[in-house]
Amino acid sequence: MNEGEVVLTPEQIQTLRGYASRGDTYGGWRYLANLGDRYADDAAAIVGKDANLNGLNLWMKKGVENLWDDTVGKKTRLEKFDRVALQHFRQYARLINQNNGRLPNTSEIERSYYKAVTDNGVSSSAAIDLVINRSLPDMADGYWALGLGIEAERIHNEQAVNNPNGSERDNRKQLISALDKGFDGSFKEKHFTFLQSVMMDVTKLGVEYTIDGWQKIGGWGNGIINDLYKSVVKREWTGIFEIVNNNIKQGNEAFKNEINSLVHDMKAAGKEFGDDLNTQWNNLTQAAEIIYNDIVDNTSQGIEKGVKAIKELSEKMKNAASDLADGSAEKAKQVVEDLAQAAKEAYENAKSTAEKAAQAAREFFKGLPSFKDLAEKFRDLFPNPEGWIDDGHQCLAPWVKETKKRNGKYHVYDPLALDLDGDGIETVATKGFAGSLFDHTNNGIRTATGWVSADDGLLVRDLNGNGIIDNGAELFGDNTKLADGSFAKHGYAALAELDSNGDNIINAADAAFQTLRVWQDLNQDGISQANELRTLEELGIQSLDLAYKDVNKNLGNGNTLAQQGSYTKTDGTTAKMGDLLLAADNLHSRFKDKVELTAEQAKAANLAGIGRLRDLREAAALSGDLANMLKAYSAAETKEAQLALLDNLIHKWAETDSNWGKKSPMRLSTDWTQTANEGIALTPSQVAQLKKNALVSLSDKAKAAIDAARDRIAVLDAYTGQDSNTLYYMSEEDALNIVKVTNDTYDHLAKNIYQNLLFQTRLQPYLNQISFKMENDTFTLDFSGLVQAFNHVKETNPQKAFVDLAEMLAYGELRSWYEGRRLMTDYVEEAKKAGKFEDYQKVLGQETVALLAKTSGTQADDILQNVGFGHNKNVSLYGNDGNDTLIGGAGNDYLEGGSGSDTYVFGEGFGQDTVYNYDYATGRKDIIRFTDGITADMLTFTREGNHLLIKAKDGSGQVTVQSYFQNDGSGAYRIDEIHFDNGKVLDVATVKELVQQSTDGSDRLYAYQSGNTLNGGLGDDYLYGADGDDLLNGDAGNDSIYSGNGNDTLDGGEGNDALYGYNGNDALNGGEGNDHLNGEDGNDTLIGGAGNDYLEGGSGSDTYVFGKGFGQDTVYNYDYATGRKDIIRFTDGITADMLTFTREGNHLLIKAKDGSGQVTVQYYFQNDGSGAYRIDEIHFDNGKVLDVATVKELVQQSTDGSDRLYAYQSGNTLNGGLGDDYLYGADGDDLLNGDAGNDSIYSGNGNDTLDGGEGNDALYGYNGNDALNGGEGNDHLNGEDGNDTLIGGAGNDYLEGGSGSDTYVFGKGFGQDAVYNYDYATGRKDIIRFTDGITADMLTFTREGNHLLIKAKDGSGQVTVQSYFQNDGSGAYRIDEIHFDNGKVLDVATVKELVQQSTDGSDRLYAYQSGNTLNGGLGDDYLYGADGDDLLNGDAGNDSIYSGNGNDTLNGGEGNDALYGYNGNDALNGGEGNDHLNGEDGNDTLIGGAGNDYLEGGSGSDTYVFGKGFGQDAVYNYDYATGRKDIIRFTDGITADMLTFTREGNHLLIKAKDGSGQVTVQSYFQNDGSGAYRIDEIHFDNGKVLDVATVKELVQQSTDGSDRLYAYQSGSTLNGGLGDDYLYGADGDDLLNGDAGNDSIYSGNGNDTLDGGEGNDALYGYNGNDALNGGEGNDHLNGEDGNDTLIGGAGNDYLEGGSGSDTYVFGEGFGQDTVYNYHVDKNSDTMHFKGFKAADVHFIRSGSDLVLSASEQDNVRISGFFYGENHRVDTFVFDDAAISNPDFAKYINAGNNLVQSMSVFGSNTAATGGNVDANIQSVQQPLLVTPSA
């Protein structure tokens, strides 16, 4: 925030918004003025509330009120003034809110006021508009701001934002600054202020005398003075004001200074201009001086004459007004005519002289903007050598911060300061080069420093007597050297040495007192001037007190007051003196001495000095190593070469640091020690933490990283002016972070140095090719030589040309060099085609590529076009300032021209592009230009919202001009002209006409503010009205029509249309179709027309019109306004007796009796017809009118049909009559009789009586104590709130009492009724009352679930009380008492006893929570336990018994019973029969008893008990809990040897050997018996116990029968023994022996061995590398997956290897075997013949099989061998040879010739004439290959 800047708080903003919303313009401005806004102070005066209005404010107010030239009459002008003022104030408040409380700047205020003026219909020649846009062109923001009283500070603040580097290139802001400071010595006083007063006088005449004086001489006089004012005073004043200011602007010496500044900067930057160019510069500057002098002379003369003429005119007008007041009409007329002539002559005289000056200025300065732009562009080709320091500061800041944090001290400076103005010692922050620089440490380098403010001073002593304070040694602080050679601890210690008499005071008694000075640095530059050094006597200082206190007070700005004392003045008063710790910024530094450079040295590349380093040129002049390295770097021709030298260059510059090599090596430490002269040390907590971590050691990796960074740390110290002797860390992570910050900072530094030297080194030869040329009488830069230079380099080194051009465009600010961008595009395309693009991009680096992928303009006139970088063809172009040309190219592009006259170019294939053209400036001319043969007839022009859409008719592209039609195309977003390739031009007016033309499709048509007729035509169209009175015709199609602010007519026509009226008194006609009409504001007329329409009138007095065939229409008439009168009007002869009036809910339904239509008036009856939705009157074609009261009576009349009748709030009797009726009560006490039919009756809030009558009725009591009588039929009664009486009557009724104490009444023949009595309230008493002689002994009481069933013993009826027993009868559903006709009463406790009594039938008995014994007796009973410990006896029958939460005992007794234990430790005994027992949770005991039982223990440690005759039982023992122990217990003398234990799958089978029973433990062996289904122990009656391990052993023992034996996961050996056995392997390596019998053996996942033994066996290998041996018999072997070995053994075997590399082994006597070797893998299979030589085996083809025959008895058939490789065996191995598949393949592939011949492999030739392979020739016996029989 700038000092003194006003910023509103959120609360103040809210208060301001309140003024805006109330329209209190004056109050709002005054509120802002009181907060310090000086613009608001003047604005408050201008809006006319302040009494003392004078001067400039009067001029502004009267000008705004009276100078409109398009309005007549004072009242109209004042109203318009008020509207302008209010809109401007509201926009001003909105800007403050958007700016987070900051006041708007001048540009924002200008735009706000301009918009307020134009939005309220004021033409561009209005007074304020003149001030902004005519009188002061190009300077409107500055002069206008001053004119309206904006303080100079805010103008300056805006300059600082717009020119952060202090650039003076914007001439408008130069003139503002010059004006504010008093341009031309006393410009404001001499010219501007004076001219304001003259203008005020003229205005005053036009106002006061027009109103007062001229009225006395009649209407003709008033007309003449108006004509005089408009034709002479106003127009001519405007002209001279414009000329004067234009000449002032063009004659401003700043133009000349700017030229000289540019030339100086260019030369200073090291650019060598030739003699010709220097001559041109000199000629131009000389011409400028000559013409400038002429301009000044002529302009001054013009100003003087103009001012004189205006003053004379003003005096004459005053005199004329006086004469006219009392003179005759004839005399008055003559005076006015003379006055007009005199004014004209005076003006012409002044104008002639002024125009001569203007013409001279225009002639010279016509070319100056382009020439100035030329110089700026050339200078912008290279960075400013000084400018890199700001970048360097940013990149080095992290290192400075890190060293401050790690080295235990902060660099501060420590001088004594005095408070000279009594407000405390004040300091300022470091400000880089813009602030104070001082040599504190006496090393010859001035560095940026915190400083004492100008109103306080530093205590100093000029030790060397040169009149200047040279360095910190001449201050009093820690750089003061004491007599003993040490440095002072602080300022007070330094001053104490001057206390020669030891009295602890420095005064005249001390010898050095007279040598002391106070330095008051008035200009804050850190350099002492003579007028800034004052003696103590001059300042009235008598003595300096050496006593002080340590305060360590934070002064802000990075500065601290460390010690504070005082000094005494000669008047006896005291003031503060303190020792400061000033912030240090060593980056911004300047050496006090300059190095004189030779001409050659001055040509070297340069960067400004930084830290402890001189300017690069100066440093190189002092260092031969650096000079040589800089020369080598400058001569390097490629980026790679420069980067290879960059590190060395950076180091060589760093080595010129005066401290280089003089300080001790940097070390890292966790042990901090306080030392003197260390500045501000670590905090105590940081010290404590360091001491805690003193033992932290670093890993070798961390140490290596730190060692590698040491050199870079030294470099960074030189560049930053830091000293990193010791860096502290608290952990290894801290240490590694130091390395990271070091490397990151160094890399950023290297990047900045590279970029800032680029144009002074490698790219300089290209810049030398840029020349100048004259075009249209002005200088421009000529880049043609530059293009040639790049192409020349490209011929020999394409990569260099590519990289150099890319970096020139990226860093040279040459985006306006169109040829260069086009050249880059060509280079990119060529690189892509050559496959080099990615390589080139890697050389460039990500940052450069990103800059080229982004396209953004400058303040100049740029040509912007994507050059092919980036991954997306869709680009965004930003023109910013200047007259820019934006070319998007292919892809979907975003183009934003910014300010200036911009041109958007679109050629063939332009894509889906968007143009954002916001530019509020006047005089700009923005153009869209279509090229490549595109003409207007190839495009369509449509509008969508405020956007203009230009679409190619062939669908190839679209340009969207955003907000084009804002302000009807006159706003800031417009495109002024659209140009086509055939020369045709469309202006805004033509475009506006085009977009209002309809098509046969779906159009969007918009009216303009003046009012239009729009016709949608065919298609589903959108029509939008504006502020005029529009006629909007939708025509055919489903149209959407939106009115504007006028009185519009909307006609939907055919189709289902939507019409919206908005403001104004609109007429809406839906036409045909189902339409939606909404009148919104105004007194509207809505005609739905044919179809089913929805009509909303909105606010205002609306009329809904319905004629014949109006359809099924709906009216929504919400309008809460008072005084409105809404009407429904029936036309076309429709009368009231042709309609019916009924009510449905709050809706009124008006139906045609002939069924032709209906009007539903929604919510008509809200508030009994007095609400916001009512229709006030219904009018008919015969003149009859129905008001609301009449309608209310009509809708309560019943018919013989199904009626809906509603009571009103006062209470009514409604009779439904015949039909199924709906009756609704209200707030009164209503009597609602349903009568005949199935009626629905709803009570209201009163005590109502509801009588259903005949039929199945529904009665709802709602609030109140209601009486509900269902009558005949099956009725539903709901009492809801209140103490209600419910009588179901005849039929099967459902009764709900609701809340309150309710009574249910049942008499004879009450039917099958249900009571739902939910009511949780305390204190209620609900009763069932039996009448008509019914007593308790005539009824039975039973329970079903939680329901109570009360049944008539004669079967005539039943009452079910739902959920009665919830919470054991104490819940919300209970009936508190049951009353009988004999006076007997049953309470809840009695009822609970009754329902637990059993019968001989099938009972449902329920225990209560306290615990019960229930006996089912005879019948199939259901017994239910509860939370107590229950005894539940099923007794006889098939019973279902359910335990509760207690420890319950369940006895099934006789029959097939189901027992469920639920929670608790339960005992379940099934008894006789086939029972199902489920213990569920708890440690349960389950006894199945006799019969075949199914037992589930559930969770917990359960025991299953089996005695004699236990039957065929099954145990399901799933329980995954840890710690449980489940047991099977055999009783009745049963021991283990009486049983067998076998396994079937995962089940354990325990069988009685005598066949009397079996227990199947399901899934016992899951996870090898460790799973959730296991039984932990089996107990026998003799005490023996079997654990799981024992059982597992038992089931693996074989018998002489057919066994099923299973291996375990760890690996097992299984022996089948006798019998046909099934053996199953598992995941381990198993040995499975089938032994005798026809066995089936299944391997598992391990490497298993399967031996079939005797018999015809089946062996299956599964996964793993298995060995299968069939043994004797005809066996089937299948290896499946893995590398298996298959041995068929004796017999005729079938062998399948499966996948993997399998081996088939055949020995002597192997029989007639078949091998099926199909596989899809690439493994190798082998057939091994043991005991056979190759000559013993014949190879025979048999169809597709290969037969290997050793004898008639022994042969192997390889099935499908000749089908292909997937069926073959790869290698045949014999005792003496091996034949591989490749050896054999050529003979297989030889085909029939080989098959039909005999080849002797041992001979040298064969029938085919070919030779055989050597390994096959080694076979001595012929191998026959013959066709099969």
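Backbone N, Cα and C define each Cβ position, glycine as well.
Looking at 151-170, 1671-1690, the range annotated in Swiss-Prot as region 'Disordered' turns out to be 1671-1690. Per-class residue totals from DSSP over the repeat 'Hemolysin-type calcium-binding 6' (1069-1086), listed helix then strand then coil: 0 helix, 6 strand, 12 coil. Packing against the repeat 'Hemolysin-type calcium-binding 18' (1615-1632) from elsewhere in the chain are residues 1568, 1598-1609, 1638-1651, 1653, 1655, 1662, 1664: each is 6 or more residues past its ends and has a CB under 8 Å from a CB in it. Long-range Cβ contacts of the repeat 'Hemolysin-type calcium-binding 2' (887-904) within its own chain (Cβ-Cβ under 8 Å, at least 6 residues beyond either end) map to 857, 861, 863-866, 872-881, 910-919, 921, 924-929, 959, 975. Note on the repeat 'Hemolysin-type calcium-binding 12' (1287-1304): residues 1252, 1256, 1261, 1265, 1267-1281, 1310-1319, 1321, 1324-1329, 1359, 1375 of its chain, located 6 or more positions outside it, place their CB under 8 angstroms from a CB of the stretch.
For the region 'Disordered' (1671-1690), DSSP puts the residue distribution at 0 helix, 6 strand, 14 coil. Shown for the repeat 'Hemolysin-type calcium-binding 3' (1015-1032): DSSP residue counts in helix, strand and coil, namely 0 helix, 6 strand, 12 coil.
The DSSP breakdown of the repeat 'Hemolysin-type calcium-binding 2' (887-904), given as helix, strand and coil counts, is 0 helix, 6 strand, 12 coil.
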